[in-house]
């Protein structure tokens, strides 16, 4: 155990966060996401919500400022609806940790799957919120 590291951040996830370079993306997926079909680098965070992971990741993670939207979520499939409270809770969690909210974009389901294939890794969570998947893009960590 390390001081200052949120308990939702496993050693495997901490290693991935450290390995990621600027421009790399991390998928935080819900419990139903086809992660193993889409990607070879999968970390399990069973029973842990995406909000809890965002609480732990955000203080360690610089969001990309060179892209229009460093946050990406899946848009609802035609004829379906999504709960805007899911997005709002994620954005509030990020804002609480870093003081601002990066821009978020949405893409259709299959475009999201294709984007996930290109990510650095996928984290399967215990999240059950419909359309709860989110991709976060890492930026350049400032030197202090």
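Each residue, glycine too, has its Cβ placed from N, Cα and C.
Straight from Swiss-Prot, the features:
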type: ACT_SITE; residues: 22; note: active site, proton donor
type: BINDING; residues: 30, 109, 131, 132, 133; note: substrate binding site
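Taking a C-beta cut-off of under 8 angstroms and a sequence separation of 6 or more, residue 109 (substrate binding site) has the following same-chain neighbours: 74, 75, 77. Here the C-alpha separation of the residue listed as 'active site, proton donor' and residue 131 (substrate binding site) works out to 26 Å.
Other residues of the same chain near the substrate site, with their Cβ within 8 Å of the Cβ centroid of 30, 109, 131, 132, 133, are 29, 32, 33, 73, 74, 112, 129, 130, 134. Taking all protein chains in view, 24 other C-beta atoms sit within 10 angstroms of the C-beta of residue 133 (substrate binding site). Counted within 10 Å of its Cβ, the other Cβ atoms near residue 30 (substrate binding site) come to 21, all protein chains included. The local packing around residue 132 (substrate binding site), expressed as other Cβ atoms within 10 Å of its Cβ over all shown chains, amounts to 25. In the three-state DSSP reading, residue 109 (substrate binding site) counts as helix. Residue 30 (substrate binding site) falls outside any helix or strand according to DSSP and counts as coil. For the recorded positions 22, 131, the ranking by surrounding Cβ atoms (within 10 Å, all protein chains) places 131 first.
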